[in-house]
């Protein structure tokens, strides 16, 4: 059974990690996938990889500035115009920082909030414009377990992810009247380039705090996105699902 057959789906941060895993799993399940990435070069590389894996599938790719509503709307609009609708929006793009509080500059904090919060807000806002008249759709926002429990360092990242959780719950309650569901996913420690780019001492701390004694794989998170985007999750909205292997920062 293809859980998202013919569902028009956009995945931000879709060129690597969780987003790229989601792109593959959604294609495997019949979705019409478009990916957003940070640069056109990254997008083109990911598109080439997907073309090799799925030569019969047409996957669109864009590199809009997620902090610009106009730029995001232009890209989202191209997808909706091509297919006549938008069914699923996965706001997955994000950045991290582990600077301790005393070393976080105003510019660094603002940048994290711009990408992780404003980017999600813009993605959700633009998706809503394409879904409201059809009165159906699913918006999935990537949060983090650190947005629930905090972290030992790097206040900007958990602050931004807590904001994503609040945005998700509030928006989910507001627009369910339009039959549009909004759900958050809060991953724990996932085996991605972003995670593995942390300093060795932070990676060591992660592994000690993992009851499963391993990091989660991107596909384990993407499978939850797949379920939430499907009709099997028709009663789930305005909440955040933790996929963390019992990890507590």
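Backbone N, Cα and C define each Cβ position, glycine as well.
Around the Cβ of residue 92 (NAD(+) binding site), the number of neighbouring Cβ atoms within 10 Å comes to 29. Under the heading NAD(+) binding site, Swiss-Prot lists 15, 16, 17, 18, 38, 42, 92, 161, 190, 191, 192.
Among the features that Swiss-Prot reports, substrate binding site is placed at 144. Of all the Cβ atoms in the protein chains shown, 29 others lie within 10 Å of the Cβ of residue 144 (substrate binding site).
The 10 Å shell around the Cβ of residue 157 (active site, proton donor/acceptor) contains 23 further Cβ atoms across the protein chains shown. Per Swiss-Prot, active site, proton donor/acceptor is recorded for 157 (among others), and the stated evidence type is sequence analysis.
What Swiss-Prot lists as active site, proton donor/acceptor is 161 (among others). Residue 161 (active site, proton donor/acceptor) falls within a helix when secondary structure is assigned with DSSP.
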Rounded Cα distance in angstrom between residue 161 (active site, proton donor/acceptor) and residue 144 (substrate binding site) is 6
Candidate with the highest Cβ count within 10 Å, taken from the recorded positions 17, 161, 190, 192 = 161
Does residue 38 (NAD(+) binding site) have same-chain partners at least 6 apart in sequence with Cβ under 8 Å from its own Cβ, and which are they?
-> 15, 63, 93
Alpha-carbon spacing, residue 192 (NAD(+) binding site) to residue 144 (substrate binding site), which is rounded to whole Å = 14
How would DSSP class residue 17 (NAD(+) binding site) in three states?
-> helix
